[in-house]
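What follows is one structure encoded as C-alpha cells, with my remarks underneath.
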Amino acid sequence: MSFNDLGVAKWLSESLDAMKIYTPTAIQSACIPAILKGHDCIGGAKTGSGKTIAFAAPMLTQWSEDPFGIFGLILTPTRELALQIAEQFAALGANMNIKVAVVVGGEDFVQQTLALQRKPHFVIATPGRLADHILNSGEETISGLRRVKYLVLDEADRLLSNSFGSDLQRCFDVLPTSDKRQTLLFTATITDAVRALKEKPPTPGKPPVFMHEVETVDKVAIPSTLQISYVFVPSYVKEAYLNSILHLEQFKDSTAVIFVNRTTTAEVLRRMLRKLDFRVASLHSEMPQSERTNSLHRFKAGAARILIATDVASRGLDIPTVELVINFDIPADPDDFIHRVGRTARAGRKGDAVSIIGEKDIDRIQSIEERINKKMELLEDVNDDNVIKESLSATSVAKRESLMEMDKENFGERKKINRKKHGLDKVKPERVTKPKKSKK
C-alpha cells in the first residue's frame, strides 16, 4: 500500500518520498481515504504513529485542487506542538508555495494579525491566542476563518477538557457551521468525551463520522523494549539521586527527558544540573516562547543531552532519539505516565524509564502499575551509599545556589502579573510556586 493508493496527490507522494516516508502507517491507511471521501474523522493512535500526516495529507491533496486561504485551521493545546505541525506542513508543501501561519502565545501579536490578514492557506494555533485575535483584531483579521474547509483538533482529548472550553467556543463561533466544513479529531487517547462525538446524530447531507483507533493505549501501554524501573528515596535527597542516576555507566551518554510536575521544579533542576556540568535544556510555561523554541532546537540538535520538561512536552512533540525518561515527579494520572515514557523505546528501539519515588507516591505508583499491567523493577545500581559518597554534597550546594538565584530574580512573578492583567488570577492552570529558601 502506497500513499498514491490512498488517493494522495502525486506531488505530495513525491514530497513524502523526499522525506523518506514511503509506506503509510496504520492510522494513515485508515483515515486518509475516509477524509478524502468527505467524512468527519476521529483518529486515535499512540504518539509517534504518524497522526499529523494522517490529517495533513488529505488536506493538502484537496487544497492543491483549490488553493485558497484560509483552507484549514489546526488547533493544538501547546505552542511547541503548533510549531512542530507548522514545520511539517511547510516541509510537505515546500514545492507548492504553501503559506502557513502560526498563531500562539509568546509571539508578536501585531505580526500575527498581519499574517492572518494575508489569509495564509493554513493556520496552526492554540485556542487561547486565536480567541484573543477573534476578540481584538477586527473583521479583516478573522474574515479568512469564515471560509475554512477543514478544522483539526490535534490532541483532541486535551482540547475538549474544561480548561479550553470558552476559548474553543469562541473559535468555533467564527468558523463555518459543521455542515459546511470537515472536522478532524486526532488524539493519542480516545476519551469518553471524544468518543461521545461519534454517537451524535449525523449532520444532514454529510457522511457519518469515521472513527479509527489503532492499538489503544490500553493494548500497547508499554513496548516490550522499554525497561521500567524505580528508586525509592526520601524526598529531601531526590536531586542527589537524580545526579547519581545520570552518572550511571548505562545512562551517562544517554539522551534523556526528565519530567516534573511544576515549572518551579523544572527551573531548579535546570540551574542545578548546569552547575553540575550537564548539558541541559528545559521546557515549561514560565519560559518566553523564544527560549522554549531554542531549548527544543538545542535538544534535537544534540547541543543539550538532557531536556527537563513539564507535561507540556509529554504529548505530540517529535523528539525521536530519547534513550532515557526520568520521572522526577510522579504524575497523578496514569495516562500521563504512559505518554511520558512513550518518548523512548520507539520503533523497536530499546529505552529506559526510571521513576524517582517518594513516600507520598505509593498510591500513584500502584495506580500506574495497575494501568500498565506491569510491575516496575528496582534499579539496584544506585543506592544510599553511592549517593552519599558521590553526589549528595555537590548536589546540595548546586541546589541551594539555584534556589537563591531564583529567589533573587523573583522567579514566577511574571506569570502572576500577566494572569492578573488578563483577569485570570483566580484560575489555576499549571501550578507555579515561588521557591522557598533552602534551609541548608
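If you go along the chain as it appears here, the first residue is 1 and each next one adds 1.
Glycine is no exception: its Cβ is also placed from the backbone N, Cα and C atoms.
Over in Swiss-Prot, the protein carries these features:
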type	residues	note
DOMAIN	32-208	domain 'Helicase ATP-binding'
BINDING	ALA45, LYS46, THR47, GLY48, SER49, GLY50, LYS51, THR52	ATP binding site
MOTIF	154-157	motif 'DEAD box'
DOMAIN	247-387	domain 'Helicase C-terminal'
COMPBIAS	405-415	compositional bias 'Basic and acidic residues'
COMPBIAS	424-433	compositional bias 'Basic and acidic residues'
Among LYS46, LYS51 [binding-site residues], residue with fewest other Cβ within 10 Å: LYS46
Under 8 Å by Cβ from THR52 (ATP binding site), counting only residues of that chain that are 6 or more apart: GLN84, ILE85, GLN88, ASP154
Secondary structure of THR52 (ATP binding site) (DSSP, helix/strand/coil): helix
DSSP three-state assignment (helix, strand or coil) for ALA45 (ATP binding site): coil
Summary of DSSP states over the motif 'DEAD box' (154-157), given as helix, strand and coil counts: 2 helix, 1 strand, 1 coil
The domain 'Helicase C-terminal' (247-387): DSSP-derived helix, strand, coil residue counts: 56 helix, 25 strand, 60 coil
Neighbour-count leader, CB within 10 A, binding-site residues: ALA45, SER49, GLY50: ALA45
